[in-house]
Structure formats: structure tokens, C-alpha cells
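Asker: As listed in TrEMBL for this protein:
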{"type": "DISULFID", "residues": "A:CYS27-A:CYS62", "note": "disulfide bond"}
{"type": "DISULFID", "residues": "A:CYS37-A:CYS51", "note": "disulfide bond"}
Amino acid sequence: MLGTDLQNYRTAPFDARFPNQNQTRNCWSNYVDFHRCQKALDAKGVDTAPCEWYRRVYKSLCPMSWVQKWDDQRDEGTFPGKI
Amino acid sequence: MAHPSQLGFQDAASPIMEELLHFHDHALMIVFLISTLVLYIIVAMVTTKLTNKFILDSQEIEIIWTLLPAIILILIALPSLRILYLMDEINDPHLTIKAMGHQWYWSYEYTDYEDLGFDSYMIPTQDLTPGQFRLLETDHRMVIPVESPIRVLVSAEDVLHSWAVPSLGVKMDAVPGRLNQTAFITSRPGVFYGQCSEICGANHSFMPIVVEAVPLEYFENWSFLMLQDA
């Protein structure tokens, strides 16, 4: 994938799926994608390094309080997304 | 920052704000020209003894005062749309900062590499040191590297707020549960002030924004020190 070089990561690049002002879904998608990726690769017993991109992007975009809330919800089993 | 009895905009500190300033000058000049013309015509009509009760129609002037306004409107619309599309360009930010509005302070999060977050409270008037600006200074400033494209994601933790810095030409509403993106580049180093721009309770007027643009090495030092303090 173009621009997915983790070594040169500066910040979340432009994502054509979310071209406009409202980036809420961008943060949400990357958070969910990271945890799905992790769960899927863990289940296969494979190294989860490919998931690192999603983690960097959601860390850049998502407010820390949102991440905290979602992490707590996942621990409780009340997270609204499908992982 | 704003000055006492200031009439115009603050000096521009970003390329977009420069464009907005020039467009405003252009549009205001047109407004002055039209207003002067209308005022002249009114004065002329009111102060003349000449009358003509038998005018029925006049093709020529009708054409002129239809075509001229249309041309003027186009002359305003074209630069305006140019700026609109300029602001809509896809940018490639070097840094993402989250500005979270609270009652009644802003908090800034720099999470591209480490988790750096801090609150930014207004300095109360009695605690100001000589030379500081009343109701504008904060204990911690949002420090950014100069001449780098910055993405700011604005949101709120309680009620509506709005993150605005006039000299950068930036204003973005802070809506709880929503992440609003804006971007800018500072053309020069400096300190740029703004104030919360959406009514948010008792201390709405007392939660200012201060952006400090510094060379990259200073920014790196600052973020290192801030991380240590956290």
C-alpha cells in the first residue's frame, strides 16, 4: 500500500475514504480495524506487526479520552463495534 | 492579537489568511464604490430643481444597470471561489494535534509518537506579569513547528465550544462526539491568540487559545520537556 511505510510515519496521512471535515469515522474505523486485525492474527498465531499501521493512525487521530473509554468498554464487553 | 480601537483584521500569519485579507480588501473596495455612487445619486436627486414627469422607458440605462451588477458579482465570486477551493486542497500534514474543549479550558493532545496531553487555562488577570495580555494568555501554549502543515482535530468533552485563531484564519466548532478537522501553515514564527467562539457557559470569555510557532528544534525540545513534566 502506498505511503504505509511505518519507518517514515509522521502522522496519519490523507485518507480518501474520509475526505471532508468530519473525521470521526476515520478515528473509529482505524481503532476498530486495529483490534480486529490483532484478534484475527492472534487467532492464527501469526505476528501482529501488520496491525501496527492501524494503531499508529488511531493514536494520531483519536482523542485519548475516547480511546480510554473504548478500551474500558472492550474490557467490560460493552464495546459497540464488532471486533 | 487584537489592538485597542482596531478596525481591520489582525496581521495574517498563514497563507490562507493573507488571501482572505486581500479578498476582503477587494470586496470592500467594491462596496465603497457602489455606496459612493448611490449616495451621489441620492444627493443629486434630492437637490435638483429639474423635473420630468413624462419618462416612460429607457433601454440603454436598463441594460447598463443590469449588466454592470452582473459583472460586479462575477468579479466578487471568482476570487471568492478561488479561496474556497484553496482551503479545500488536500494537504499532507506533518503533525496532528487534538484540541479538546472543556468547561472552561482547552486541552491539547500530541499523540503521533508519544502520548503528550496537557491543559491550557487562562492566566487570571491578577496573576499576569507586566507585558502579558489580559484575558488572552494561558499557562500552556499550543506549540507548533513553523512553516509545517499542521492538522488540528477539534472536539469537545462537554458542551459546544469553538476553536478560533483569527491571525491564522482558523475557526472550527468543537462538538462533543465529533472530530472536526482543520489545517493550516504558519508563515512566520510568533505567538497567535484566539478566543473560544461558541457560547459555553459562565466562563466562555475566559478560555483563550494561544498558538506558538517556533523552529523545529525548539519544538522538539519543548515536546521532550513537556513529556518529562507529565
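Note that Cβ sites are derived from N, Cα and C of the backbone, with glycine treated the same way.
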Asker: State the Cα to Cα distance, in Å, between A:CYS27 (disulfide bond) and A:CYS37 (disulfide bond), rounded to an integer.
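Answerer: Cα to Cα, A:CYS27 (disulfide bond) and A:CYS37 (disulfide bond) are separated by 15 Å.
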Asker: Less than 8 Å, Cβ to Cβ, versus chain B; work out which of the disulfide-bonded residues A:CYS27, A:CYS37, A:CYS51 satisfy that and list them by sequence.
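Answerer: Cβ contacts with B, in sequence order: A:CYS27.
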Asker: Calculate the distance in Å between the alpha carbons (Cα) of A:CYS37 (disulfide bond) and A:CYS62 (disulfide bond), and round it to a whole number.
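Answerer: Checking the Cα atoms of A:CYS37 (disulfide bond) and A:CYS62 (disulfide bond) gives a distance of 18 Å.
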Asker: Provide, as an integer number of angstrom, the distance between the C-alpha atoms of A:CYS62 (disulfide bond) and A:CYS51 (disulfide bond).
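Answerer: Counting only the Cα atoms, the answer is 16 Å.
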Asker: Would you mind ranking the disulfide-bonded residues A:CYS27, A:CYS51 by how many other Cβ atoms sit within 10 Å of each Cβ and giving me the lowest?
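Answerer: Lowest Cβ count within 10 Å among the disulfide-bonded residues (A:CYS27, A:CYS51) is A:CYS51.
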Asker: By a simple count of other Cβ atoms within 10 Å, which of A:CYS37, A:CYS62, the disulfide-bonded residues in the record, is least packed?
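Answerer: Comparing Cβ neighbours within 10 Å for the disulfide-bonded residues A:CYS37, A:CYS62, A:CYS37 has the fewest.
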